[in-house]
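Right, one structure below, let's go through it.
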Amino acid sequence: MLNVLEMMNIIGIISFTISGTSKGVKKELDLFGTIVLGIATSYAGGIVADLLVGVIPPTILRQWQLLLLSISVSITTFFYYKQLNRKFLALVLKVSDAIGLATFAAYGADLAYSHGFSLVTVAMISSIVASGGGVLRDILVNDIPLILTKEIYATAALGGGIVYYLVASISNQGYATLITIFTVVTIRIFAIKYNLHLPVIKAEVGNR
Amino acid sequence: MLNVLEMMNIIGIISFTISGTSKGVKKELDLFGTIVLGIATSYAGGIVADLLVGVIPPTILRQWQLLLLSISVSITTFFYYKQLNRKFLALVLKVSDAIGLATFAAYGADLAYSHGFSLVTVAMISSIVASGGGVLRDILVNDIPLILTKEIYATAALGGGIVYYLVASISNQGYATLITIFTVVTIRIFAIKYNLHLPVIKAEVGNR
Amino acid sequence: MLNVLEMMNIIGIISFTISGTSKGVKKELDLFGTIVLGIATSYAGGIVADLLVGVIPPTILRQWQLLLLSISVSITTFFYYKQLNRKFLALVLKVSDAIGLATFAAYGADLAYSHGFSLVTVAMISSIVASGGGVLRDILVNDIPLILTKEIYATAALGGGIVYYLVASISNQGYATLITIFTVVTIRIFAIKYNLHLPVIKAEVGNR
């Protein structure tokens, strides 16, 4: 039977594969390119997580099931993409990205917590692991990563890591995982919905 | 005497140094910039390989001979570049990239196999290690990586890793290495020659 | 009391946070984006250093003080930025980058030396650790990294690593650190001031 960590990993992989594939189609990559982008987006978090806590080789590189899963999801997304209209697609990209962020925040927090790390370490690893996939996806296609342009992105994952640690300390890791995912998704939806604006310094400086 | 792993490393470093340097000259970097790009392209695979299998610090960071080799090849390439015509240069870039991909696929597979990892892990590490150099090279100069735009790039390395594992299991690692390199180069040449096209979804979606 | 390694880390973090934040403001990121860019720029070196020498999890992920420090410096820089004129800002960016480079070169060298690695390994790790922050900063906002376009950047850090090793061998690590920082900053200032030009191959090849 799957444990919570494995389930988070699977949901995260599906979400980020959809997100990576959607981005690839938008950038007019061919089928191979979109599959590679889907895999890269969905694998980055797990690989970084394991390197940071010292699991060598990273778990995700040992399971052919996850590779098959990512490839299948990517191909399916690729061929369905055409039939969807733009507005719905933008929604798919946002939602899959938010769920990927939330599940990998929980995954990273769960892994770090299980290794006995402190609150700060758990929160930092949670944030890095959750952001990793999206950052790699955007860098690979030459976009400035969401993490820099979107309101409360890495911060949502950092918050998720803190919530995880606190809940896990007073309750158990199963509850902590669920509440973390709920928290991160809620923060992201709230941020997107109200399109939270933060100050931008425009200036005499700008045009260089 | 050099063993097979070290020889793969050397050929891979030479190939990827040439490939990185050529890219640098195309992008009109100065001598220092092209050398740095040559080193980055040729070192990425080895560093990633060792981090993924837990060799700390990475072997390549311990050998000044390899650094001197990469610098010499880079300088030579830089100054010869001018005298070559464009068509020949495009060929040099393609061939050096293909050989680099193939030797690092074999290097990654050999390293992972020697650590006793399973078929899937060997194939995945082979693919990541082989792709690493080219991805870093292209990201550093703001190009979308070959891995996303070229037919059967990371897939060729993945195929190479599978071939390696199977041949090594029934024969020995020396044969496995040679056959892997031959396989990956052949796949790449075939892919380039017939310019394999895979479906691209163009759509109402495209222009965002 | 702080040891030398921790002090280097703190100065490096402050410098690279200022450098990352300045870049973020120039690119018109909002407050969150600039803070994230400041943290990413200032954390990259320490994380890479620890991964390369096998300190798991990286030290920097265990100290909330450093996170608070980076965030505070970033916010301060963000709000002061507006009041500064362009010329002064360009200077701030150059100086903070040079100090960040120098302190992380010393940090990487110190860490590698303390783990008993050889001259070559110390110099290579020094160079990678020092360059890491600036490379990540520039990649994240789609600029071609300084390491490729600026005279003697990674080379200055490599030189710093060599100086560190030699001085530490005949004297002690405290002196080695100070002399390394002095050396790297001097090389960078000299390179910027005299705007050292190295050959660029422009060619029939160029316009592709």
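Glycine is treated like the rest: Cβ placed from N, Cα and C.
Taken straight from TrEMBL:
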DOMAIN    C:7-81  domain 'Glycine transporter'
DOMAIN    C:95-167  domain 'Glycine transporter'
TRANSMEM  C:31-56  transmembrane segment
TRANSMEM  C:62-81  transmembrane segment
TRANSMEM  C:88-109  transmembrane segment
TRANSMEM  C:115-136  transmembrane segment
TRANSMEM  C:148-167  transmembrane segment
TRANSMEM  C:173-192  transmembrane segment
Stretch in C:31-56, C:62-81, C:115-136 most in contact with the transmembrane segment (C:88-109), if contact is a CB pair under 8 A: C:115-136
Ranked first among C:31-56, C:115-136, C:148-167, C:173-192 for CB pairs under 8 angstroms with the transmembrane segment (C:62-81): C:31-56
Other parts of the chain folded back onto the transmembrane segment (C:31-56), taken as Cβ under 8 Å at six or more residues beyond its ends: 9, 12-21, 23-25, 67, 70-71, 73-75, 77-78, 100, 104, 107-108, 111-112, 115, 117, 125, 128-130, 132-137, 140-141
Tertiary contacts of the transmembrane segment (C:148-167) (same chain, 6+ residues out, Cβ under 8 Å): 101-102, 104-106, 108-110, 112-113, 119, 122-127, 129-131, 134, 175-177, 179-181, 183-184, 187-188, 191-192, 195-198
The domain 'Glycine transporter' (C:95-167) - residue tally per DSSP class, helix then strand then coil: 60 helix, 0 strand, 13 coil
